[in-house]
Amino acid sequence: MSVAGLKKQFHKATQRVSEKVGGAEGTKLDYDFTEMEKKVDTTARAVMDIMTKTNEYLQPNPATRAKMSMINSMSRMRGQEKGPGYTQAETVLGDSMQKFGRELGEESNFGLALIDAGEAMRELGEVKDALDIEVKQNFIDPLQNLHDKDLKEVQHHLKKLEGRRLDFDYKKKRQGKVCEDEIKQALEKFDDSKEIAEQSMFNILEGDQIEQVSQLAALVQAQVEYHSRATEILTQVSTKIEERIRDASSKPRKEFVAKPRTSLDFTFSENHNGGIVSGAARSPGARSPARSPGEPIVNPEGTQHLSDHLLLPSSIPWFLHSFYFLYRTISCTGLFHVHDYFMYRTIVIS
(Lines of atoms letter the chains of each structure in order from A and count residues from 1; the text may use other names and numbers.)
(Lines give C-alpha, C1' and ligand atoms only; values in the text may rest on other atoms or scores of the structure.)
Protein backbone atom coordinates (compact mmCIF):
# COMPACT_ATOMS: atom_id res chain seq x y z
CA MET A 1 0.00 0.00 0.00
CA SER A 2 1.27 3.43 -0.92
CA VAL A 3 1.93 6.22 1.53
CA ALA A 4 -1.19 8.07 0.38
CA GLY A 5 -3.24 4.94 0.98
CA LEU A 6 -1.84 4.47 4.47
CA LYS A 7 -2.53 8.11 5.19
CA LYS A 8 -6.14 7.75 4.05
CA GLN A 9 -6.63 4.65 6.23
CA PHE A 10 -5.27 6.55 9.19
CA HIS A 11 -7.73 9.41 8.56
CA LYS A 12 -10.66 6.95 8.42
CA ALA A 13 -9.59 5.31 11.66
CA THR A 14 -9.26 8.72 13.33
CA GLN A 15 -12.76 9.72 12.22
CA ARG A 16 -14.24 6.41 13.39
CA VAL A 17 -12.66 6.78 16.85
CA SER A 18 -13.91 10.34 17.15
CA GLU A 19 -17.45 9.17 16.35
CA LYS A 20 -17.41 6.12 18.63
CA VAL A 21 -15.57 7.67 21.58
CA GLY A 22 -15.80 11.42 21.18
CA GLY A 23 -19.44 11.49 20.08
CA ALA A 24 -18.74 13.32 16.80
CA GLU A 25 -21.56 13.11 14.26
CA GLY A 26 -20.93 11.81 10.79
CA THR A 27 -22.85 12.39 7.59
CA LYS A 28 -26.37 10.99 7.93
CA LEU A 29 -27.89 8.92 5.15
CA ASP A 30 -31.47 9.58 4.10
CA TYR A 31 -34.41 7.60 5.54
CA ASP A 32 -35.13 5.63 2.38
CA PHE A 33 -31.54 4.44 2.19
CA THR A 34 -31.45 3.29 5.83
CA GLU A 35 -34.78 1.47 5.48
CA MET A 36 -33.55 -0.25 2.35
CA GLU A 37 -30.37 -1.26 4.17
CA LYS A 38 -32.39 -2.78 7.03
CA LYS A 39 -34.50 -4.83 4.61
CA VAL A 40 -31.45 -6.14 2.81
CA ASP A 41 -29.86 -7.12 6.12
CA THR A 42 -33.05 -8.95 7.10
CA THR A 43 -33.08 -10.69 3.71
CA ALA A 44 -29.48 -11.84 4.17
CA ARG A 45 -30.20 -13.28 7.62
CA ALA A 46 -33.39 -14.91 6.37
CA VAL A 47 -31.60 -16.60 3.45
CA MET A 48 -28.91 -18.07 5.69
CA ASP A 49 -31.33 -19.30 8.35
CA ILE A 50 -33.83 -20.74 5.87
CA MET A 51 -31.10 -22.65 3.99
CA THR A 52 -29.87 -24.15 7.27
CA LYS A 53 -33.36 -25.09 8.44
CA THR A 54 -34.27 -26.55 5.04
CA ASN A 55 -31.24 -28.84 5.14
CA GLU A 56 -32.24 -29.92 8.65
CA TYR A 57 -35.78 -30.60 7.43
CA LEU A 58 -34.58 -32.74 4.53
CA GLN A 59 -31.80 -34.44 6.49
CA PRO A 60 -32.81 -34.44 10.18
CA ASN A 61 -29.93 -36.57 11.52
CA PRO A 62 -27.10 -34.17 12.53
CA ALA A 63 -24.51 -36.94 12.88
CA THR A 64 -25.19 -38.20 9.35
CA ARG A 65 -25.10 -34.63 7.98
CA ALA A 66 -21.70 -34.03 9.58
CA LYS A 67 -20.39 -37.35 8.24
CA MET A 68 -21.64 -36.56 4.72
CA SER A 69 -20.14 -33.09 4.84
CA MET A 70 -16.75 -34.51 5.82
CA ILE A 71 -16.89 -37.20 3.09
CA ASN A 72 -17.89 -34.70 0.43
CA SER A 73 -15.13 -32.30 1.48
CA MET A 74 -12.55 -35.08 1.28
CA SER A 75 -13.89 -36.10 -2.14
CA ARG A 76 -13.56 -32.54 -3.44
CA MET A 77 -10.01 -32.27 -2.10
CA ARG A 78 -9.07 -35.48 -3.89
CA GLY A 79 -10.78 -34.42 -7.08
CA GLN A 80 -13.22 -37.29 -6.87
CA GLU A 81 -16.91 -37.34 -7.58
CA LYS A 82 -19.40 -36.45 -4.89
CA GLY A 83 -19.66 -39.00 -2.09
CA PRO A 84 -22.71 -41.09 -1.21
CA GLY A 85 -25.97 -39.33 -0.52
CA TYR A 86 -27.89 -39.02 2.73
CA THR A 87 -29.31 -42.32 3.99
CA GLN A 88 -33.02 -41.79 4.53
CA ALA A 89 -34.61 -43.11 7.75
CA GLU A 90 -37.35 -44.73 5.64
CA THR A 91 -34.75 -46.75 3.76
CA VAL A 92 -33.11 -47.96 6.98
CA LEU A 93 -36.49 -49.00 8.40
CA GLY A 94 -37.44 -50.74 5.15
CA ASP A 95 -34.20 -52.75 5.09
CA SER A 96 -34.80 -53.92 8.67
CA MET A 97 -38.38 -54.97 7.92
CA GLN A 98 -37.39 -56.93 4.83
CA LYS A 99 -34.49 -58.62 6.59
CA PHE A 100 -36.60 -60.03 9.42
CA GLY A 101 -39.52 -60.74 7.11
CA ARG A 102 -37.28 -63.06 5.06
CA GLU A 103 -35.98 -64.69 8.24
CA LEU A 104 -39.53 -65.44 9.39
CA GLY A 105 -40.21 -67.08 6.03
CA GLU A 106 -43.20 -67.39 3.72
CA GLU A 107 -45.11 -69.53 6.22
CA SER A 108 -45.36 -66.54 8.59
CA ASN A 109 -48.13 -64.08 7.78
CA PHE A 110 -46.31 -61.48 9.86
CA GLY A 111 -43.11 -62.09 7.88
CA LEU A 112 -44.90 -61.56 4.56
CA ALA A 113 -46.50 -58.37 5.89
CA LEU A 114 -43.07 -57.13 7.00
CA ILE A 115 -41.71 -57.70 3.49
CA ASP A 116 -44.60 -55.70 1.99
CA ALA A 117 -44.19 -52.84 4.48
CA GLY A 118 -40.41 -52.86 4.03
CA GLU A 119 -40.73 -52.53 0.28
CA ALA A 120 -43.08 -49.57 0.78
CA MET A 121 -40.61 -47.92 3.15
CA ARG A 122 -37.81 -48.34 0.64
CA GLU A 123 -39.98 -46.68 -2.01
CA LEU A 124 -40.66 -43.83 0.41
CA GLY A 125 -36.91 -43.46 0.86
CA GLU A 126 -36.46 -43.18 -2.90
CA VAL A 127 -39.22 -40.57 -3.09
CA LYS A 128 -37.54 -38.66 -0.25
CA ASP A 129 -34.26 -38.73 -2.21
CA ALA A 130 -36.09 -37.24 -5.19
CA LEU A 131 -37.49 -34.53 -2.89
CA ASP A 132 -33.97 -33.73 -1.66
CA ILE A 133 -32.66 -33.34 -5.20
CA GLU A 134 -35.63 -31.24 -6.32
CA VAL A 135 -35.46 -28.88 -3.35
CA LYS A 136 -31.70 -28.50 -3.63
CA GLN A 137 -31.79 -27.63 -7.32
CA ASN A 138 -34.80 -25.30 -7.30
CA PHE A 139 -34.69 -23.76 -3.83
CA ILE A 140 -31.45 -24.13 -1.87
CA ASP A 141 -29.03 -23.56 -4.77
CA PRO A 142 -30.74 -20.30 -5.92
CA LEU A 143 -30.73 -19.02 -2.34
CA GLN A 144 -27.07 -19.99 -2.00
CA ASN A 145 -26.30 -18.09 -5.20
CA LEU A 146 -28.21 -15.07 -3.90
CA HIS A 147 -26.22 -15.18 -0.67
CA ASP A 148 -22.80 -15.74 -2.25
CA LYS A 149 -23.14 -13.30 -5.12
CA ASP A 150 -25.79 -10.58 -4.84
CA LEU A 151 -25.83 -10.11 -1.08
CA LYS A 152 -22.04 -10.19 -0.86
CA GLU A 153 -21.88 -7.58 -3.59
CA VAL A 154 -24.23 -5.35 -1.60
CA GLN A 155 -22.08 -5.79 1.50
CA HIS A 156 -19.03 -4.84 -0.52
CA HIS A 157 -20.66 -1.64 -1.77
CA LEU A 158 -21.91 -0.73 1.71
CA LYS A 159 -18.45 -1.27 3.16
CA LYS A 160 -16.92 0.92 0.46
CA LEU A 161 -19.58 3.55 1.09
CA GLU A 162 -18.77 3.62 4.79
CA GLY A 163 -15.06 4.09 4.07
CA ARG A 164 -15.71 6.99 1.73
CA ARG A 165 -18.11 8.56 4.22
CA LEU A 166 -15.42 8.48 6.91
CA ASP A 167 -12.91 10.02 4.49
CA PHE A 168 -15.35 12.78 3.51
CA ASP A 169 -16.30 13.57 7.13
CA TYR A 170 -12.63 13.69 8.19
CA LYS A 171 -11.78 16.20 5.44
CA LYS A 172 -14.95 18.22 5.95
CA LYS A 173 -14.21 18.58 9.65
CA ARG A 174 -10.75 19.93 8.78
CA GLN A 175 -12.04 22.43 6.29
CA GLY A 176 -9.47 25.16 5.90
CA LYS A 177 -6.61 22.76 6.53
CA VAL A 178 -7.68 20.65 3.57
CA CYS A 179 -8.18 22.21 0.15
CA GLU A 180 -11.71 22.43 -1.23
CA ASP A 181 -10.89 20.26 -4.25
CA GLU A 182 -10.05 17.33 -2.00
CA ILE A 183 -13.28 17.84 -0.08
CA LYS A 184 -15.33 17.99 -3.32
CA GLN A 185 -13.58 14.91 -4.67
CA ALA A 186 -14.30 13.04 -1.42
CA LEU A 187 -17.97 14.10 -1.63
CA GLU A 188 -18.26 12.92 -5.24
CA LYS A 189 -16.80 9.53 -4.35
CA PHE A 190 -19.20 9.27 -1.43
CA ASP A 191 -22.20 10.07 -3.64
CA ASP A 192 -21.06 7.58 -6.29
CA SER A 193 -20.73 4.80 -3.73
CA LYS A 194 -24.12 5.69 -2.27
CA GLU A 195 -25.80 5.42 -5.66
CA ILE A 196 -24.12 2.09 -6.45
CA ALA A 197 -25.04 0.61 -3.07
CA GLU A 198 -28.57 1.92 -3.35
CA GLN A 199 -28.95 0.43 -6.83
CA SER A 200 -27.68 -3.00 -5.75
CA MET A 201 -30.02 -3.06 -2.76
CA PHE A 202 -32.92 -2.00 -4.93
CA ASN A 203 -32.23 -4.86 -7.35
CA ILE A 204 -32.32 -7.42 -4.55
CA LEU A 205 -35.47 -6.08 -2.97
CA GLU A 206 -37.19 -5.74 -6.34
CA GLY A 207 -36.11 -9.23 -7.33
CA ASP A 208 -37.69 -10.78 -4.26
CA GLN A 209 -41.06 -9.87 -5.73
CA ILE A 210 -40.70 -12.63 -8.34
CA GLU A 211 -37.46 -14.64 -8.03
CA GLN A 212 -37.49 -15.48 -4.33
CA VAL A 213 -41.24 -16.12 -4.36
CA SER A 214 -40.83 -18.45 -7.35
CA GLN A 215 -38.12 -20.35 -5.47
CA LEU A 216 -40.41 -20.69 -2.47
CA ALA A 217 -43.16 -21.97 -4.78
CA ALA A 218 -40.73 -24.63 -6.08
CA LEU A 219 -40.15 -25.81 -2.50
CA VAL A 220 -43.88 -26.12 -1.84
CA GLN A 221 -44.52 -27.89 -5.16
CA ALA A 222 -41.75 -30.41 -4.47
CA GLN A 223 -43.35 -31.24 -1.14
CA VAL A 224 -46.78 -31.59 -2.76
CA GLU A 225 -45.37 -34.14 -5.22
CA TYR A 226 -43.54 -35.98 -2.43
CA HIS A 227 -46.59 -36.26 -0.18
CA SER A 228 -48.81 -37.23 -3.11
CA ARG A 229 -46.47 -40.04 -4.09
CA ALA A 230 -46.05 -41.08 -0.44
CA THR A 231 -49.82 -41.24 0.00
CA GLU A 232 -50.09 -43.47 -3.06
CA ILE A 233 -47.40 -45.86 -1.79
CA LEU A 234 -48.86 -46.08 1.71
CA THR A 235 -52.38 -46.62 0.36
CA GLN A 236 -51.16 -49.57 -1.72
CA VAL A 237 -49.31 -51.24 1.14
CA SER A 238 -52.26 -50.61 3.46
CA THR A 239 -54.51 -52.49 1.04
CA LYS A 240 -52.07 -55.42 0.90
CA ILE A 241 -51.86 -55.65 4.68
CA GLU A 242 -55.66 -55.51 5.02
CA GLU A 243 -55.92 -58.40 2.56
CA ARG A 244 -53.45 -60.44 4.61
CA ILE A 245 -55.50 -59.76 7.74
CA ARG A 246 -58.68 -60.99 6.02
CA ASP A 247 -56.93 -64.10 4.67
CA ALA A 248 -55.51 -64.93 8.10
CA SER A 249 -58.92 -64.41 9.73
CA SER A 250 -60.66 -66.74 7.27
CA LYS A 251 -58.28 -69.64 7.96
CA PRO A 252 -59.12 -72.01 10.86
CA ARG A 253 -57.02 -71.47 13.92
CA LYS A 254 -54.60 -74.24 14.80
CA GLU A 255 -54.96 -75.80 18.22
CA PHE A 256 -51.92 -76.51 20.30
CA VAL A 257 -51.35 -80.22 20.91
CA ALA A 258 -48.96 -80.98 23.73
CA LYS A 259 -46.45 -83.74 23.08
CA PRO A 260 -46.13 -86.60 25.64
CA ARG A 261 -43.60 -85.90 28.33
CA THR A 262 -40.48 -88.00 28.71
CA SER A 263 -40.70 -90.46 31.64
CA LEU A 264 -37.59 -91.21 33.66
CA ASP A 265 -36.70 -94.14 35.99
CA PHE A 266 -34.36 -93.05 38.77
CA THR A 267 -33.35 -96.63 39.82
CA PHE A 268 -29.77 -97.76 39.59
CA SER A 269 -28.65 -100.19 36.91
CA GLU A 270 -25.29 -101.87 36.40
CA ASN A 271 -25.56 -101.19 32.67
CA HIS A 272 -25.46 -97.41 33.26
CA ASN A 273 -22.72 -97.23 35.89
CA GLY A 274 -24.91 -95.40 38.38
CA GLY A 275 -26.61 -93.12 35.76
CA ILE A 276 -30.29 -92.40 35.25
CA VAL A 277 -32.18 -94.50 32.78
CA SER A 278 -35.46 -93.76 31.12
CA GLY A 279 -38.63 -95.64 31.88
CA ALA A 280 -38.47 -97.34 28.47
CA ALA A 281 -35.32 -99.21 29.51
CA ARG A 282 -37.30 -101.32 32.03
CA SER A 283 -40.67 -102.91 31.52
CA PRO A 284 -43.48 -101.41 33.59
CA GLY A 285 -43.95 -103.10 36.92
CA ALA A 286 -40.52 -104.79 36.91
CA ARG A 287 -38.77 -104.69 40.27
CA SER A 288 -35.38 -105.79 41.52
CA PRO A 289 -35.49 -109.17 43.33
CA ALA A 290 -35.21 -109.01 47.09
CA ARG A 291 -31.91 -110.07 48.65
CA SER A 292 -31.34 -111.06 52.26
CA PRO A 293 -28.27 -109.77 54.15
CA GLY A 294 -25.14 -111.79 53.33
CA GLU A 295 -26.56 -113.19 50.09
CA PRO A 296 -24.18 -112.78 47.11
CA ILE A 297 -24.99 -109.95 44.70
CA VAL A 298 -26.13 -111.52 41.45
CA ASN A 299 -26.58 -109.61 38.19
CA PRO A 300 -29.43 -110.38 35.74
CA GLU A 301 -27.22 -112.88 33.86
CA GLY A 302 -26.77 -114.97 37.03
CA THR A 303 -23.09 -114.14 37.62
CA GLN A 304 -21.90 -112.79 40.89
CA HIS A 305 -20.68 -109.20 41.15
CA LEU A 306 -17.05 -108.46 41.91
CA SER A 307 -17.98 -107.44 45.42
CA ASP A 308 -18.67 -111.09 46.31
CA HIS A 309 -15.03 -111.99 45.55
CA LEU A 310 -13.49 -109.03 47.36
CA LEU A 311 -14.94 -109.36 50.85
CA LEU A 312 -12.57 -108.69 53.76
CA PRO A 313 -13.03 -109.48 57.43
CA SER A 314 -15.69 -107.31 58.99
CA SER A 315 -13.30 -106.29 61.73
CA ILE A 316 -11.50 -103.97 59.32
CA PRO A 317 -12.96 -100.41 59.26
CA TRP A 318 -15.51 -99.89 56.56
CA PHE A 319 -13.59 -97.14 54.79
CA LEU A 320 -10.63 -99.52 54.29
CA HIS A 321 -13.04 -101.98 52.71
CA SER A 322 -14.09 -99.17 50.40
CA PHE A 323 -10.55 -98.35 49.28
CA TYR A 324 -9.70 -102.02 48.87
CA PHE A 325 -12.78 -102.62 46.78
CA LEU A 326 -12.00 -99.66 44.51
CA TYR A 327 -8.39 -100.76 44.10
CA ARG A 328 -9.25 -104.36 43.19
CA THR A 329 -12.07 -103.36 40.89
CA ILE A 330 -10.06 -100.85 38.89
CA SER A 331 -6.80 -102.83 38.79
CA CYS A 332 -8.36 -106.19 37.90
CA THR A 333 -11.08 -105.23 35.47
CA GLY A 334 -10.64 -101.53 34.70
CA LEU A 335 -14.34 -101.11 35.49
CA PHE A 336 -16.08 -99.29 38.27
CA HIS A 337 -19.69 -100.04 39.11
CA VAL A 338 -21.16 -97.60 41.55
CA HIS A 339 -23.98 -100.06 42.25
CA ASP A 340 -21.49 -102.78 43.30
CA TYR A 341 -19.64 -100.37 45.51
CA PHE A 342 -22.66 -99.24 47.49
CA MET A 343 -24.01 -102.77 47.80
CA TYR A 344 -20.59 -103.97 49.01
CA ARG A 345 -20.41 -101.21 51.58
CA THR A 346 -23.86 -102.12 52.82
CA ILE A 347 -22.83 -105.74 53.29
CA VAL A 348 -19.70 -104.81 55.22
CA ILE A 349 -21.46 -102.38 57.52
CA SER A 350 -24.32 -104.77 58.13
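Note: Cβ is positioned from N, Cα and C throughout, glycine not excepted.
When the ranges 85-108, 229-252, 277-300 are checked against TrEMBL, the one recorded as region 'Disordered' is 277-300. Averaged over the domain 'BAR' (18-250), the predicted model reaches a pLDDT of 88.
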